[in-house]
């Protein structure tokens, strides 16, 4: 049996409806990006025009790549264990849905809102900097390579976070534990983006391409790990 | 109905020596049975007997440890799992609805998972079948337990299954709702849908099922409810007269189809017979000829519950299925 777009779409639509109506997810999806938005803006708005020269080597806005590293984990960590705890997993797995369809549907449903939030917050950040920061500071900060990096790395980082979250979710027996472990697992990626934003890791085109390749590899690896961790029998009976 | 490879006369479900172990714990062992197309098959047993694990195994949710089965004409193998799931539906004991979604949204999701054509019509038909057509827009969290159970039943009907596995479908329902479910099962049977029903309600099994199997890790018995009664309990006639018979041996001895008799206290007598339809009129004539005033002559009325208790009552409950999520 081949993978069905209709079944994947059914999972995605169901997930998005559930997320919209789950207050804890809506609040978390709102608060985390706001925290990431406020910190760089406070720094940027406090910078005088004279600092624009130093900003040529700063990458403050790359700090916002922490959003796609962290927000999808919350959703993905809920994806499988949440269904188990609600007793909804068995009816779904008893349908003709394939493991690949189920996991892809879940992953896409986590990716779409996470990427949308990350891009929206980044767009807001650019608008605020352009409108309210000192013009010299704004022109020093808003550089095309950084904007491009943000656009390209957001889905790559989000996808990795989703696979990590879902792998944890497929193994965990409790929703909170899964989400806490997911947040912990997101820390290395946040450390990487923060160190880059602070220029401790100096971003170059070569490093960016290398990191993109590594992330692509990790995303492919994550898919395999989650597929392997997804054992219908164990998920339904809690044994094996 | 499209029963592949075996023609329309092959059974809907054929199970041979199927076993499932979780480590060293046995959920069920060496069970074999067949279920005909359009039959309602009752699967009875105490908690932890392996009923739910059997349903999950036949529904391809878990793999058997050994043995074989053919489900809806398709051999039960990991490669065939998705194809089998297209032809069956499972309604677990817990309804497992998405409580934040409406009834229609729940059904819409499953209609797409089963890839049904004209989903809207199918959803309306399924809701009508469970008498919930006017609750489609209700959020599932707002429904009573009985209504949730009926939504789960509607969901199981969406895929137009050849075999419908119902795990305790009337658990927690009030008598009226339970009767509605019974009527629905009757209608499904008339449409040729095979129903595999696990239940604790023995009167439900007796009323609905063409055949029943009693499981307690191993299959204890299988047959039609009346066959099981006949197999386990001798047929008897209970005779009551107004006054004690002066010489009951002379009245009952030598009557056709009467094997033996014994007094049952006061003016009551119990006759062990081979055929109540022959023995009852003969006994009546003999009693009248002896001048006795007959108050009643009735055949023994053993229920499926008697059969169940005889077979399972003395067993220690099995545990493997329960530990593996068996309800």
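Just so you know, glycine gets a Cβ as well, placed from its N, Cα and C.
If you look up TrEMBL, you'll see A:8-194 marked as domain 'ABC-2 type transporter transmembrane'.
Packing against the transmembrane segment (A:21-48) from elsewhere in the chain are residues 55, 60-61, 63-64, 66-67, 70-71, 74-75, 78, 113-114, 117-118, 120-121, 124-125, 128-129, 132-134, 137, 141, 197: each is 6 or more residues past its ends and has a CB under 8 Å from a CB in it. According to TrEMBL, the feature transmembrane segment maps to A:21-48 (among others).
Within the same chain, residues 15, 19, 25, 28-29, 32-33, 36-37, 39-40, 43-44, 89, 106-107, 109-111, 113-115, 117-118, 121-122, 125-126, 129, 141-142, 146, 149-150, 153-155, 157-158, 161-166, 168-170, 172-175, 178-179, 181-183, 185-186, 189-190, 193-194, 196-197, 203, 230, 235 sit at least 6 positions outside the transmembrane segment (A:60-81) and bring their C-beta atoms closer than 8 Å to a C-beta of that stretch. Here TrEMBL flags A:60-81 (among others) as transmembrane segment.
Counting same-chain residues at least six beyond the ends of the transmembrane segment (A:108-132), those with a Cβ under 8 angstroms from any Cβ of the stretch are 8, 11-12, 15-16, 19, 29, 33-34, 36-37, 40-41, 44-45, 61, 64, 67-68, 71-72, 75-76, 79, 138, 141-142, 147, 150-151, 154-155, 158-159, 161-162, 165-166. The transmembrane segment feature in TrEMBL is assigned to A:108-132 (among others).
Counting residues 6+ beyond its ends, the transmembrane segment (A:147-169) has Cβ neighbours under 8 Å at 61-62, 64-65, 67-82, 103, 106-107, 110-111, 114-115, 118-119, 122, 126, 178, 181-182, 185-186, 189, 193, 203, 208, 211-212, 215-216, 218-219, 222-223, 225-226, 229 in the same chain. Per TrEMBL, the feature transmembrane segment maps to A:147-169 (among others).
Per TrEMBL, transmembrane segment is recorded for A:181-202 (among others). Residues of the same chain lying 6 or more positions beyond the ends of the transmembrane segment (A:181-202) and with a Cβ under 8 Å from any Cβ of it are 40, 57-63, 65-66, 69-70, 73-74, 76-77, 157, 160-161, 164-165, 168-169, 172.
As annotated by TrEMBL, transmembrane segment applies to A:208-226 (among others).
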Contact set, same chain, for the transmembrane segment (A:208-226): CB under 8 Å, 6 or more residues outside the stretch: 103, 149, 152-153, 156-157, 159-160, 162-164, 166-167, 170
